[in-house]
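Colleague: Copied straight from Swiss-Prot:
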- GLU116, ASP117, ILE118, VAL119, THR120, THR121, GLY122, LEU123, SER124: 5-phospho-alpha-D-ribose 1-diphosphate binding site (BINDING)
- THR120, ARG148: orotate binding site (BINDING)
Amino acid sequence: MTNDDVLDEFRAAGALREGHFVLSSGLHSPVFLQKNLVFMRPERCERLCKALAQKIIATVGQVDVAVSPAVGGIIPGYETARHLNVPSIYVEREGGGFKFRRGFHLEPGQKVVMVEDIVTTGLSSRECIQAIKDAGGDVVAAACIVDRSGGKADVGVPLIALASLEVPAYPADALPPELAAIPIEDPGSRRLKG
């Protein structure tokens, strides 16, 4: 599956949006990938995650388990794990970091691929990878459907992206005038309070 094929899936779902968005990272961007509109269609999610699983196997070989960060990584993590024929587990935010809960655990030395939906700065990925390492897992790679950083995000392990985009993202105090003139939408989930 090519970059264009992946973006076509997002376009077909109405999930490639343009405007002025505050991302979960707190950065501002003229482009937002509304992944939930992609993942809500099982056949679309299956195509993307099957291709990601194939890319994982071609890059690092077989793994023992796929671990994802809740909430956004659960669906692509599960579907990718299904195509890898390995268990899918996830970590949840607790006390400022990610933790294994709900009976999930790793056996020491298990080969783990960390599966994300979208990577922008790599912060959530790094936090998830740290939780995996703390639990004794051997993180052989991280994988995502889309790397918005164009390969610049450092997650601390090799990053396998089904598609890579170089989408600009700016801190609030460094917005270009044309972006600052557009009303802000805040579709990110990190700042939601439950």
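Note that the numbers count up from 1, one per residue, in the order the chain is shown.
For all residues, glycine too, the Cβ spot is worked out from N, Cα and C.
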Colleague: Would you identify the secondary structure of SER124 (5-phospho-alpha-D-ribose 1-diphosphate binding site) according to DSSP, in three states?
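Modeller: Assignment for SER124 (5-phospho-alpha-D-ribose 1-diphosphate binding site) reads helix.
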Colleague: Return the residues near GLU116 (5-phospho-alpha-D-ribose 1-diphosphate binding site) by Cβ distance under 8 Å, restricted to its own chain and a separation of at least 6 in sequence.
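Modeller: Non-local contacts for GLU116 (5-phospho-alpha-D-ribose 1-diphosphate binding site): SER68, PRO69, GLY72, GLY73, PRO76, GLY77, SER124, SER125, CYS128, ALA142, ALA143, CYS144, ILE145.
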Colleague: State the count of C-beta atoms found within 10 angstroms of the C-beta of THR120 (5-phospho-alpha-D-ribose 1-diphosphate binding site), not counting that atom itself.
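Modeller: Excluding its own Cβ, THR120 (5-phospho-alpha-D-ribose 1-diphosphate binding site) sees 24 Cβ atoms within 10 Å.
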Colleague: Run through the Cβ atoms and count how many others sit within 10 Å of the one on SER124 (5-phospho-alpha-D-ribose 1-diphosphate binding site).
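Modeller: Around the Cβ of SER124 (5-phospho-alpha-D-ribose 1-diphosphate binding site), 24 other Cβ atoms lie within 10 Å.
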Colleague: Write down the Cα-Cα distance for ARG148 (orotate binding site) and THR120 (5-phospho-alpha-D-ribose 1-diphosphate binding site), rounded and given in Å.
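Modeller: Computed Cα spacing between THR120 (5-phospho-alpha-D-ribose 1-diphosphate binding site) and ARG148 (orotate binding site) is 5 Å.
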Colleague: To the nearest Å, how far is the Cα of GLY122 (5-phospho-alpha-D-ribose 1-diphosphate binding site) from the Cα of ARG148 (orotate binding site)?
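Modeller: GLY122 (5-phospho-alpha-D-ribose 1-diphosphate binding site) to ARG148 (orotate binding site), Cα-Cα distance: 10 Å.
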Colleague: If you skip the near sequence neighbours and keep only those at least six away, which residues in the chain come within under 8 angstroms of ARG148 (orotate binding site), Cβ to Cβ?
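Modeller: Residues satisfying the criterion: SER29, LEU33, ILE118, VAL119, THR120, LEU165, GLU166, VAL167, ALA169.
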Colleague: Inside 10 Å of the Cβ of GLY122 (5-phospho-alpha-D-ribose 1-diphosphate binding site), count up the other Cβ atoms and send me the figure.
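Modeller: Other Cβ atoms within 10 Å of GLY122 (5-phospho-alpha-D-ribose 1-diphosphate binding site): 21.
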Colleague: Going by DSSP, give the three-state secondary structure for ARG148 (orotate binding site).
Modeller: coil
